[in-house]
Amino acid sequence: MIKKYWFLMVYSVTAFSVWAQDTPLDTLVVTANRFQEPLSTVLAPVTIVTREDIDRWQVSSVNDVLRRLPGVAISQHGGEGQLSTIFVRGTNSNHTLVLIDGVRLNLAGVSGAADLSQFPVALVQRIEYIRGPRSAIYGSDAIGGVINIITSRENTGTEISAGWGSNSYQHYDISTHQQLGENTRVTLLGDYTYTRGFDAVAYGSTGMQPQSDRDGFLSKTFYGKLEHNLSDTWSGFVRGYGYNNRTKYDAWYSPGSPLIDTRKLYSQSWDAGLRYAGETLQSQLVSSYSHSKDYNYDPHYGRYDTSANLDDMKQYNLQWTNSVTVGHGNVGAGIDWQKQSTTPGTGYLPKGYDQRNTGIYLTGLQKLGDFTLEGAVRNDDNSQFERHTTWQSSAGWEFIEGYRFIASYGTAFKAPNLGQLYGMYGNPNLAPEKSKQWEGAFEGLTGGVNWRISGYRNDISEMINYNPHTLRYYNDGKVHVKGIEATVNFDTGALTHTVSYDYTDARNALTDKPLERRPKLQVKYQLDWQVFDFDWGITYQYMGSRYDSDYSSWPYKSVKMGGVSLWDVAVAYPVTPHLIVRGKIANLFNKDYETGYGYQAAGREYILSGSYTF
């Protein structure tokens with residue numbers, strides 16, 4: 001279950017909370033400021049999801065995890081594996097930075113937005129999710145927030161799991177994490193997931209050529225990691241993973257031409273690192289390489305036919321991060337270097353291009369009596385748009401024991417991607433999108449109820465848009481986002497209740513029209529309890545109405561999609577100390593709804609699974 005953390009403030013006995021899984025008091029978070037710190041010292045709103053949460057919810061995709069979290073809205077073109085977009089606090093899908101073990105996810109293609117429908121949930125051991133601007137720490141993209149997917153495992157042992165469900169869903173997984181001697185650990189994982197799917201296009205709503213078919217998804221994953229303690233303070237690791245996905249989807253069709261309706265994605269990532277953990281100094285050096293090849297093609301002609309489209313991206317990263325204990329807090333500093341390379345013919349890029357970025361950052365955290373102060377500044381030197389500086393600051397005031405007020409301000413930016421710069425409609429003179437965000441929050445513990453409420457405003461300028469008349473991208477867009485976010489957690493006997501409320505008003509500042517696919521109102525509720533060894537969970541989500549475009553006519557029309565209430569029920573039972581049987585019904589009342597106009601979501605689905613550990 002998701003449950004509020006109750007942690008001791010550093011150098012204080014007062015506990016503050018965030019929305020997260022129940023865990024020991026000394027749990028640390030690394031994503032907020034790129035160094036380990038008690039979760040309660042972080043002034044930004046933080047959510048942590050553990051592997052236990054993922055198993056309890058019985059989710060089959062990363063998107064199914066994220067949709068349950070505060071501030072997140074997801075739009076998807078059909079079922080599992082179909083194109084999806086993530087909106088955090090009303091910002092664009094490419095305004096959320098996605099990290100894998102602290103390293104930027106290599107984005108297949110040149111869209112600049114992470115499509116997590118393709119990332120295997122089997123690799124996820126933990127998610128740290130930070131809301132608000134974080135460009136002063138991570139650089140480009142971190143306007144709405146940061147999602148850090150962590151793959152490292154802690155508990156030794158071997159697990160075999162299997163699951164079957166609606167739409168011919170099958171899932172098989174085997175993983176092991178073993179101690180080799182006193183100082184060496186090895187992790188291996190293999191995963192196979194398949195679903196026949198359902199027809200992604202909603203009948204009669206898009207004007208598309210009828211394609212009465214099933215749009216299925218197949219994924220094969222492998223993961224390996226080797227860790228070794230060189231001494232009491234020095235350690236190193238090497239890690240590699242890859243996945244091979246195939247997705248069928250519905251696409252526009254012109255008689256006599258190939259029907260491009262199949263996607264084949266190959267992705268591999270390798271990284272190695274060296275860590276030092278002293279009493280006052282922590283330091284880490286990590287290098288990584290990733291390569292993604294994303295084919296879209298007509299299966300009758302094959303992915304090497306001239307009609308096929310290939311997005312081929314290589315990414316190189318080098319990170320050096322440091323943190324020093326100073327006074328009642330710490331100071332952090334580091335350097336990030338990244339190079340992205342495309343091959344000729346990638347997407348709509350006629351040539352191969354490189355883009356390099358070097359970022360230098362400085363962070364600080366101090367506890368001064370009843371006040372906690374946090375700040376960061378970063379300068380990025382990019383091969384395309386040269387230098388860009390961002391900064392942020394936050395202050396927390398414990399005005400009454402157990403109650404705190406937090407105020408923060410931060411700037412952020414989004415660099416133009418390679419497609420916008422050099423593609424068929426590219427403009428090499430594009431400038432980065434810029435953001436200024438304010439937030440104020442109260443949090444506390446009242447009568448056993450752990451709560452937090454915040455209000456925020458985000459002004460984004462220099463938005464990159466496409467001009468259909470000049471056939472070029474350009475900077476002129478402005479967006480204003482205003483929102484209220486509230487989270488509450490409390491227990492009533494054996495029941496644990498977790499509630500979040502999001503009001504998000506995201507509008508085009510020039511036309512005052514709401515931004516597409518973002519619901520203005522969301523309410524999420526998680527109820528967990530255990531009775532007679534049965535572990536029950538009920539998930540409720542209300543998504544308010546949202547707007548989208550109808551592309552079946554010209555000029556395009558704006559359409560309003562109604563709101564929907566969704567219920568999931570999950571139960572698990574330990575047959576033996578090693579064998580657990582699980583069952584789940586998703587979309588219990590079989591609601592018919594869309595999160596992207598013209599693309600239907602899954603109806604009622606059943607999943608039966610089991611796992612054996614030894």
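Each residue, glycine too, has its Cβ placed from N, Cα and C.
Swiss-Prot lists L83, T85, N92, V110, S111, A251, R517, Y551 with the feature cyanocob(III)alamin binding site. In the three-state DSSP assignment, the secondary structure recorded for Y551 (cyanocob(III)alamin binding site) is coil.
Per Swiss-Prot, the feature Ca(2+) 1 binding site maps to D199, Q211, D213, D215, D250. The number of other CB atoms found within 10 A of the CB of D215 (Ca(2+) 1 binding site), across every protein chain shown, is 25. Classification of D215 (Ca(2+) 1 binding site) by DSSP places it within a strand.
Sequence-distant contacts (6 or more apart, same chain, Cβ under 8 Å) of D213 (Ca(2+) 1 binding site) comprise D199, K248, D250. Taken from Swiss-Prot, the feature Ca(2+) 2 binding site applies to D213, D215, Y249, D250, D261, supported by similarity to another entry.
According to Swiss-Prot, the domain 'TBDR plug' annotation covers 38-152.
Per Swiss-Prot, the feature domain 'TBDR beta-barrel' maps to 155-614; the stated evidence is sequence analysis.
Residues or ranges marked as motif 'TonB box' by Swiss-Prot: 26-33. Distant neighbours of the motif 'TonB box' (26-33): 5, 7, 39, 42, 44, 46, 48, 99, 102, 128, 130, 134, 137, 146, 148, 332, 363, 365, 374, 376; these residues of the same chain sit at least 6 beyond its ends, with a Cβ under 8 Å from one of its Cβ atoms.
For the motif 'TonB C-terminal box' (597-614), the predicted model reports an average pLDDT of 96. Annotation comment: Swiss-Prot describes 597-614 as motif 'TonB C-terminal box'.
The feature transmembrane segment is assigned by Swiss-Prot to 169-178 (among others).
The feature transmembrane segment is assigned by Swiss-Prot to 184-195 (among others).
For 263-277 (among others), the entry in Swiss-Prot reads transmembrane segment, with the evidence type sequence analysis.
Look at Swiss-Prot and you will find 328-337 (among others) tagged as transmembrane segment, backed by sequence analysis.
Residues or ranges marked as transmembrane segment by Swiss-Prot on the basis of sequence analysis: 385-400 (among others).
A Cβ distance under 8 Å defines the sequence-distant neighbours of the transmembrane segment (403-417), meaning residues of its chain 6+ beyond its ends; these are 16, 43-44, 92, 94-95, 107, 110-112, 132-136, 140-143, 357, 382, 384-385, 388, 390-397, 430-444, 454, 464, 473. The transmembrane segment annotation in Swiss-Prot covers 403-417 (among others).
The transmembrane segment annotation in Swiss-Prot covers 449-458 (among others), and the record cites sequence analysis as its basis.
If you look up Swiss-Prot, you'll see 494-509 (among others) marked as transmembrane segment, on the strength of sequence analysis.
Sequence annotations record features per position, and here Swiss-Prot assigns transmembrane segment to 517-529 (among others) based on sequence analysis.
Cβ contacts within 10 Å of D199 (Ca(2+) 1 binding site), excluding its own Cβ and spanning all protein chains shown: 17. Rounded to a whole value, the Cα-Cα separation of Y551 (cyanocob(III)alamin binding site) and Y249 (Ca(2+) 2 binding site) is 17 Å. For N92 (cyanocob(III)alamin binding site), the spatially nearest entry among the binding-site residues D215, Y249, D261 is Y249, judged by CA separation. Rounded to a whole value, the Cα-Cα separation of D261 (Ca(2+) 2 binding site) and A251 (cyanocob(III)alamin binding site) is 6 Å. Secondary structure of the motif 'TonB C-terminal box' (597-614) per DSSP (helix as H, G, I; strand as E, B; remaining residues coil): 0 helix, 11 strand, 7 coil. With respect to Cβ neighbours within 10 Å, the binding-site residues L83, A251 differ, and A251 shows the lowest count. Of all Cβ atoms in the protein chains displayed, 23 besides its own lie within 10 Å of the Cβ of D250 (Ca(2+) 1 binding site).
If you take the Cα of A251 (cyanocob(III)alamin binding site) and the Cα of D215 (Ca(2+) 1 binding site), they are about 11 angstrom apart, rounded to a whole number.
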